[in-house]
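Lifted from TrEMBL, the feature list:
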- 18-150: domain 'MARVEL' (DOMAIN)
- 27-48: transmembrane segment (TRANSMEM)
- 54-77: transmembrane segment (TRANSMEM)
- 89-109: transmembrane segment (TRANSMEM)
- 129-149: transmembrane segment (TRANSMEM)
Amino acid sequence: MHGAERRLPRAVIARPFLIPHSSKAPVCPWQLCGTWVWILVAATSVSLPLLQGWVMYVSLTSCLISLLLLLSYILGFHRNSENWKVLDSLYHGATAILYMSAAVLQANATINSEHNPNGPLNYQLNSAASFFAFLTTFLYILHAFSIYYQ
């Protein structure tokens, strides 16, 4: 390999935002976005507890399970086995489905809070939570399918 020709490892090319160039530990943007969903929903006056309760449950549970999977990955429990890839893909695929349902419910809560007498702040917080819920859904889907293209 010449000095001018520098190639990235295959895993970095397949998942550029999940694996940093300097290490093998994954960076999990879906955890950050999911945490924002939980924080934004918790900051509103929850006017529809059934809808937004599900959103908070999905975001908090997904974040905690993702952190446990990240910790087990960092500790080396995966040992580069195919079973880890299947577990990772199935978990992120199932979580994407749950997050899609939560994002739709959060969007419904946003629509219902548009004419809420509590002011535009709740509407803005619900709008941001809806945006991050859909973004998190997209990131979970992207990660679930990116495993097959490594």
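Each Cβ is built from the backbone N, Cα and C atoms, and glycine gets one as well.
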- Residues outside the transmembrane segment (89-109) whose C-beta sits under 8 Å from one of its C-beta atoms, at least 6 past its ends, are 30, 34, 37, 41, 47-48, 51-52, 54-55, 58-59, 62, 65-66, 69, 126, 129-130, 133-134, 136-137, 140-141, 143-145, 147-148
- Message: How about long-range neighbours of the transmembrane segment (54-77): same chain, 6 or more residues beyond its ends, C-beta under 8 Å?
- Response: 25-26, 28, 30-31, 34-35, 37-38, 41-42, 84, 88, 91, 95, 98-99, 101-103, 105-106, 109, 129, 133, 136, 140
- Count up the helix, strand and coil residues in the domain 'MARVEL' (18-150) according to DSSP, in that order. 102 helix, 0 strand, 31 coil
- Item | Taken over the domain 'MARVEL' (18-150), the model's mean pLDDT | 82
